[in-house]
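Single-structure report; data block below.
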Amino acid sequence: MYVKSIILEGFKSYAQRTEVNGFDPLFNAITGLNGSGKSNILDSICFLLGISNLSQVRASNLQDLVYKNGQAGITKASVSITFDNSDKKQSPLGFEAHDEITVTRQVVIGGRNKYLINGVNANNTRVQDLFCSVGLNVNNPHFLIMQGRITKVLNMKPPEILSMIEEAAGTRMYEYKKIAAQKTIEKKEAKLKEIKTILEEEITPTIQKLKEERSSYLEYQKVMREIEHLSRLYIAYQFLRAEDTKERSAGELKEMQDKIVNLQEVLSENEKKIKALNCEIEELERRKDKETGGKLKSLEDACAEAQRVNTKSQSAFDLKKKNLASEETKRKELQNSMAEDSKALAAKEKEVKKITDGLHGLQEASNKDAEALAAAQQHFNAVSAGLSSNEDGAEATLAGQMIACKNDISKAQTEAKQAQMKLKHAQQELKSKQAEVKKMDSGYKKDQDAFEAVKKAKEKLETEMKKLNYEENKEEKLLEKHRQLSRDINNLKGKHEALLAKFPNLQFAYKDPEKNWNRNSVKGLVASLINVKDNSTATALEVVAGERLYNVVVDTEVTAKKLLEKGELKRRYTIIPLNKISARCIAPETLRVAQNLVGPDNVHVALSLVDYKPELQKGMEFVFGTTFVCNNMDNAKKVAFDKRIMTRTVTLGGDVFDPHGTLSGGARSQAASILTKFQEVKDVQDELRTKENELRALEEELAGLKNVAEKYRQLKQQWEMKTEEGDLLQTKLQQSSYHKQQEELDALKKTIEESEETLKSTKEIQKKAEEKYEALENKMKNAEAEREKELKDAQKKLDCAKTKADASSKKMKEKQQEVEAITLELEELKREHASNEQQLDAVNEAIKAYEGQIEKMAAEVAKNKESVNKAQDELMKQKQIITAQDNIIKDKCAEVAKHNLQNNESQLKIKELDHSISKHKREADDAAAKVSKMLSDYDWINAEKHLFGQPNSAYDFKTNNPKEAGQRLQKLQEVKEKLGRNVNLRAMNVLTEAEERYNDLMKKKRIVENDKSKILATIEDLDQKKNQALNIAWQKVNKDFGSIFSTLLPGANAMLAPPEGQTVLDGLEFKVALGNTWKENLTELSGGQRSLVALSLILSMLLFKPAPIYILDEVDAALDLSHTQNIGQMLRTHFTHSQFIVVSLKEGMFNNANVLFKTKFVDGVSTVARFTQSQAGKIPKEAKSRGKEPN
């Protein structure tokens, strides 16, 4: 099968219908200039063969294949190729009856593309199968050697080279079919999974359930039979027990009534003894009251009075102390306020000064603008009057200005002559002085060098001093700061110890229980671990926590145990281990209810009012997490007793509302709360810790600074010595005659510079004056026009000056208002500061008065405490006397209590006996009623009563334990009730249907699995055959590959071999030998040699099961002419089994072709000419097409 003709229409550069006829069955060549359309003919063949990678035909999509992308009115591209099919050995499968096969492919812009085979529509798969069956697989196109294919073959990996062998062996189509079969197996596998899912998720569970239901039904029937049997046995036992109870109760009743009579007699005897003892006790009480009662009362009254006086004086004393503390707090607040006011006052004064300065600037600017406005007005008036302004702004006539210009010119000329004379004299003097200086001795130079050396030494010392980064006297300043910090730390330690002495409960000290003890495991007292967010809640939080405020928090229960056993604690402590404590917290829903009830600002969880470290969360929830804090009693009452809340609530004043029945409150101590006191201790601790850290840092800095300071002092001493040396040298230099001469020289040089500058400036002045004079002359000639121009300019300047003056005036007024406002604020701050000073004086006087009163009251309190102690001692002595008398009475009372106890026991026994009698009567009645009821309910009792309890009968209670039967019966009733709810009476029939469906699906599953195993077996068998065919193809191609390469490059050899450690089925790679040396890889070959390797492989592929058509696109591009000619001759003489269509630009190649097609452009129209070739030359036969130049 080979190409006979190609018809192109609308394809790429071929706009009109173009027929390319007369293809030779063996060797055809296409040539032409670049861009003439020769490769488009090959692209059309690839397009028709169904290529999917459009980049190989130089297009990004199918629309690019239409002439000018459809923008020239042509919207369809069509390619038709007629194949000669007369050789039936090479005929595609199914087309053996056709001598010619015409295949057409069309693509329409915006539409779909279609195939036609012999004029009949065909799908893409059918066309692919047609060409693949004759080895023309365009998507793996080893028959198509395009531009760059040589390079691609060289870059192929072993699997890709193997795929070329597979294509040649014809096993590639099998691979495609195999993949399709595997996909079918995957689909069947999905069906199998579906069947398996139905079996596992639907049918199998249903069968299992039905089997269970069948078992339940059978079990239900069994239970019913057993219940019936056990019911008769248990009822018979109950009947016998009821008859026995009725007969036994009568005898027991008589026995209990006799016991009651005996106990009543004992009660009467004890009552008589108790009466006699009570009389003796009353007599003793009367005697005791008579002797001691009056004195005891007077002592108790005296003690109470002393305590009242002491409490009153102590309360007054505490109140004074509280007032003193309040005044001190007020003084501190006033001092802080005054400090803040002073800062604000200073800032405000700076702001006033800044704004005032700004106002002055605006006033100056406004004044300047006003003056400018007046000058502009004056200038306008002068111009209106016929005057003109000169450069200085003064008004003058043109003639006057011209005279002034002449004067300026004359003056400049005079100054220039003077400067010239002065310059000449200075230059002469300089020349003579320089000659004198050269004659001076070299002593000055030596001193100058010494001075420069000292100066450099000083600079070096200064650089070294700067590198030390040391400030002078820094060490002394740090030492003074160290002394001040030490004093502050000592004062703070004393203050801290004094505060702890006042509040011993806030101290927690312990000894390390073991060596290397981690003190971080002991967190401290609860009071020390919290910070109160708002001091107004301190009292409430203290009430919430209660004694837990002094609990100790630790990390684990192990730490707690070690502290208690070996910590040598000074007093008893309760310890909270964070890892074991069970903490509860008020739920967020409860909090929302409470907030909705009284308002979100009036109720808070106590836990939210304190700050603490996150690691203490559980401990703090334990102490504060279960209580609300409200702002007043009304809200607290609402929250505590609301049925949705029912939670303990505390007011800010310390009143407690507990829904479980307790309410506490009333007047509380006026002293500051423990938490407030402890906050003062913590503040001192924090300040002390800060100062100690500062001291440590300062000591480290001093230690590091010591060496630096010593080094600095040494360098400073050296620098001072060099400075003194430099001063002496400088004085010596200044007093030398050379120095004086040098100063005169410098003065002369300065005079020369000034004279030259004066000459330059006078020339510029003279030039400007002359230019101005010339301009004024021109003005005189055009006086009227100049006057109008000056008038307009003057009007413009006047308007501009007026606008600017108005703006300046407005800004100044705004700034004045701002200054007045901020001045008022400053005065207000000053008045407030003065008021604070007055309040501070008043507070200081009040503090002084309170301190005096407290000193006096302290003595009175001490005296009252002594009186209380004395009264309590006298009262104690009197109570001891009374205690002795009380012991006698106590003995008598004990005897009375003994008799009362006996009576109580007797009465209790009587009540128990009465209860037992009632119980026996009730049991006898119940038993009789039960016997009657059972006889009426169960007819079989009368008939079988004589068998109850008899051996070897159905009612043998020894063989069948009735109690166990009753328990078993109860369990069976429960089982029956449970089974009765779930038992399915249709389970037997439904189970049969489900099992039939299960068997049917299992049968289908086995069929699918058998089909799958057969397909896999077939694939395995075909794989073996494929491997055999592939091995044969490899050996044949390998042999031809070496032979062709040796022909193209004499003395060389090549072969295809699997990579090391792999087989032929894994891939193949090139092995090349030049002479007797085998190369490791192709990179050791030249570019032309590598090209011959790739081309030899391609040609060897053509010798094995050749495709009917081969297309070569400029494969000789990288080869020289001798190799090209050899290739052409080889194709002509050795490859007579297939049709070759070759594109080439080299005569050595296309001269060997039987038919040559040449593409050209003539006047912008594309043409294709056909030539038949022989050794005599080329005879043009026909020109087939014309088309527009490709885009």
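The backbone N, Cα and C atoms fix where each Cβ goes, and this holds for glycine too.
Swiss-Prot has this to say about the protein:
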type	residues	note
BINDING	GLY32, LEU33, ASN34, GLY35, SER36, GLY37, LYS38, SER39	ATP binding site
MOD_RES	LYS114	N6-acetyllysine
COILED	173-507	coiled coil
MOD_RES	LYS222	N6-acetyllysine
DOMAIN	521-640	domain 'SMC hinge'
COILED	672-936	coiled coil
MOD_RES	LYS677	N6-acetyllysine
COILED	963-1031	coiled coil
MOD_RES	LYS1158	N6-acetyllysine
MOD_RES	LYS1160	N6-acetyllysine
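Among the modified residues LYS114, LYS222, LYS677, LYS1158, the ones whose Cα sits within 10 Å of the Cα of SER36 (ATP binding site) are LYS1158, in sequence order. Within the domain 'SMC hinge' (521-640), the DSSP-based counts of helix, strand and coil residues read 65 helix, 20 strand, 35 coil. Within 8 Å of the Cβ centroid of the ATP site, not counting the listed residues GLY32, LEU33, ASN34, GLY35, SER36, GLY37, LYS38, SER39, the chain contributes THR1159. A gap of 12 Å separates the Cα atoms of SER39 (ATP binding site) and LYS1160 (N6-acetyllysine). Distance from the CA of LYS114 (N6-acetyllysine) to the CA of GLY32 (ATP binding site) is 31 Å. Taking every protein chain shown into account, GLY32, GLY35, GLY37 are the binding-site residues, and of these the Cβ with the most other Cβ atoms within 10 Å belongs to GLY37. Within the set of modified residues LYS114, LYS222, LYS677, LYS1158, the entry lying nearest in space to LYS38 (ATP binding site) is LYS1158 (CA atoms). When the recorded positions LEU33, GLY35, LYS114, LYS1158, LYS1160 are compared by Cα distance to LYS222 (N6-acetyllysine), the shortest distance belongs to LYS114. Across the structure, ASN34 (ATP binding site) and LYS114 (N6-acetyllysine) are spaced 31 Å apart at their Cα atoms. In sequence order, LYS1160 are the modified residues from LYS114, LYS677, LYS1158, LYS1160 with a C-alpha within 10 Å of the C-alpha of GLY35 (ATP binding site).
Of the listed binding-site residues ASN34, SER36, SER39, the Cβ environment within 10 Å is emptiest of other Cβ atoms at ASN34. The 10 Å shell around the Cβ of LYS114 (N6-acetyllysine) contains 14 further Cβ atoms across the protein chains shown. In the three-state DSSP scheme, LYS114 (N6-acetyllysine) falls into the strand class.
Taking every protein chain shown into account, LYS38, LYS222, LYS677, LYS1158, LYS1160 are the recorded positions, and of these the Cβ with the most other Cβ atoms within 10 Å belongs to LYS38. A straight line from the CA of LYS1158 (N6-acetyllysine) to the CA of GLY37 (ATP binding site) spans 10 Å.
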